[in-house]
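As given in Swiss-Prot:
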- H76, H87, H89, C95: Ni(2+) binding site (BINDING)
Amino acid sequence: MHRVTITLDDDLMERLDAIIAVRGYQNRSEAIRDLARIGIQQTSAHDSGERCVGAMVYTYDHSKRDLPRKLTQSFHNHHDLSRATMHVHLDHDQCLEVTILDGKASELQHFADHIFSERGVRYGRLVTIPTMDDEQHTHD
């Protein structure tokens, strides 16, 4: 482990201390390590061949012409990435889906971009977490 010194302006330090208090970190080093991991993962993982798991969250208008069929077809075309999906009816027209994905980061990002760009998908976000080992667990 390396010891480093950083300089932060007062406003940023106050915001960091607020995060530390809310999340219950024992010290600033733990918080900064977590924030650094998150920042590195967000900037590099989506374009890599690194294996990861992810949660794809999006809302869509199910009454848009052919959208449910297009989404279903996309999931069948990417069945190797999708592990499970939870579907929630938010109101008469709006649905929320949360899908757990597993695969290479670049493939997950490509799939999510495809889903999010469909007409009628209103909001989408992909959160990925790199996995430590390259072995896939199967239930065969």
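Cβ coordinates are placed from backbone N, Cα and C, and glycine is handled just like the others.
Features per Swiss-Prot, on structure.
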residue : record              : contacts (Cβ under 8 Å, 6+ apart)
H76     : Ni(2+) binding site : none
H87     : Ni(2+) binding site : C95, L96, E97
H89     : Ni(2+) binding site : C95
Next on the checklist: Around the C-beta of C95 (Ni(2+) binding site), how many further C-beta atoms are within 10 angstroms, looking at every protein chain?
Outcome noted: 18
Checklist entry - In terms of DSSP three-state secondary structure, what is the assignment for C95 (Ni(2+) binding site)? => result strand
